[in-house]
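Novice: So TrEMBL says this about it:
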type	residues	note
TRANSMEM	65-93	transmembrane segment
TRANSMEM	126-145	transmembrane segment
TRANSMEM	157-176	transmembrane segment
TRANSMEM	182-198	transmembrane segment
TRANSMEM	302-326	transmembrane segment
TRANSMEM	347-370	transmembrane segment
TRANSMEM	382-403	transmembrane segment
TRANSMEM	415-438	transmembrane segment
Amino acid sequence: MPDHLKNTGLGGASWSTTAVHPPTGSNELILADFVEPSILVAQLSTQRSWPFRAMDGCRWLISRLFGIVSVIFLMATAASIPIVQLISFGYLLEVSGRLARGGKFSSAMIGLGKASHLGGVLLGTWLLLLPIRFVSALWYEAYLIEPNSQQTQVMRILLLTLVGLTIVQILAAWVCGGKLRYFFWQAVAPFSFLIWTVRKTAKSKVLRPVLTACLGWVSPYFVPNLCEARPLTDWFVPAILLKKVLNGTIYTDARDGLWNFVAGLNLWYYFKLGFKGFIGTFLWLVVPTTFLMAATASDSGFALGSAFLGIGIAVPLFCILPFVQAHFARDGRWKSFLEPLSVISNFWRAPIAHVVALLMTLVLALPLFLLKIEEIPQELLWTLSLVFVTFTWPSRIAIGLAYRRGNKPGKAGRWWTSVPVMLLAIPISFAFIFVMFFTRYVTWNGMWSLLENHVFLLPAPFWL
């Protein structure tokens, strides 16, 4: 049997994941499946030539970007659903929490591998449904023009056939593990055959000297790399299904794999962290927010006093609250919300990092105010969550890095640098509060928009 037809799927499914526990370790990226049809799947024993290294870099970059986009999309979807949005909030808190515990920058990219896998399942399913939508539109147009015409009947038969084949294709891909290549295994076959052909050609005693002479200028290792390239494995869905049927494990593998995958997402951990973080943050914000709302609801002198009092409390509070959240996310204790002195001490030891993180957090929160000027249709409300996650993720990373820098053992601040830099946080906080306070005149929720403090809480108005 030719090499390109060997190992085409007898390796089993891919839903299974590692242990279920709160995600505290470093994050290892699982490469996105859609870039695997390439020569680079081989583990080459010789030194890699620059074309192979370049393709490796492209594969790594594409898989990273796909994982990040998948995380943003999935978290935005969760953030647009009441109650479930606490999972998204908990995830963002965990980002800063991991860095606050001393983790590396890569530890803030939580779950990129699982997100890539789930994103691949959704993308593959969506792409396979596109032909059905196209043919369905053609059939419906023909039906409106002439319901009983032969063309309409042919389109109906074509649509039903396409629906049946697509359902089989999607279910087979799901049962086999949900890798993106399983949805399009027919398209993977030519790539695998091409890699096998190139390898055989490069290893030919007759053609190898010719290839070396022609391609040696690229790199002396290029032809040896071609000789050691391996065709893709684990892509032939019929073989995977046949093995499962013969072993009688088609149901148990799918059930256990799906359960392990879902359990490995640690959704309950993120939900608890998000719930506790929401309650603790809300209690910090309730006093200044109440005064600011009172200033909005009245035109008397009491309103002016409430405004000054609310702003006076909110300015120093907004300076430290992002880092109080990181302090809480570090260990998840309720008590952490009652330890602002520890946060201020960290601020003192790394004032520049904290001010930069604060500025980044508040600036990146401004775009969501613009999206709330005019009421958004119900079906597009999830775009608020998309903007929320896209801009909040980097700010949570910056907050975690600042906290980690201030929490380094033996690091001490100096008053002649710490005091002036820390004072810069006051005008930054005041400017943001000024914008937030007066957005009540342009947002569709009016005074109640003051409760929609998305920079610290959830992407409003979903939790109101």
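Every residue gets a Cβ built from N, Cα and C, even glycine.
Automated prediction, rather than curation, is the source of TrEMBL annotations.
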Novice: Between the transmembrane segment (347-370) and the transmembrane segment (415-438), are there three or more CB pairs that fall under 8 A, provided the residues in each pair are separated by 6 or more in sequence?
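Specialist: Answer yes: the transmembrane segment (415-438) meets the transmembrane segment (347-370) with 3 or more Cβ pairs below 8 Å.
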Novice: Which residues of the same chain, at least 6 past either end of the transmembrane segment (347-370), have a Cβ under 8 Å from a Cβ in it?
Specialist: 318-320, 322-323, 384, 387-388, 391-392, 394-395, 398-399, 401-403, 405-408, 411-413, 417-418, 421-422, 424-425, 428-429, 431-432, 435-436, 439, 443, 454-455, 459
Novice: At a C-beta cut-off of under 8 Å, are there same-chain residues at least 6 beyond the transmembrane segment (126-145) that contact it? List them, or none.
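Specialist: Contacts of the transmembrane segment (126-145) (Cβ under 8 Å, skipping residues fewer than 6 from its ends): 151-152, 155-156, 158-159, 162-163, 166, 169-170, 183-184.
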Novice: Same chain only, please: residues at least 6 beyond the ends of the transmembrane segment (157-176) with a C-beta under 8 Å from a C-beta of the stretch. Say none if there are none.
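Specialist: Same-chain residues near the transmembrane segment (157-176) but 6 or more away: 9, 13-14, 121, 124-125, 128-129, 131-132, 135-136, 139, 182-183, 185, 237, 240-241, 244, 250, 253-254.
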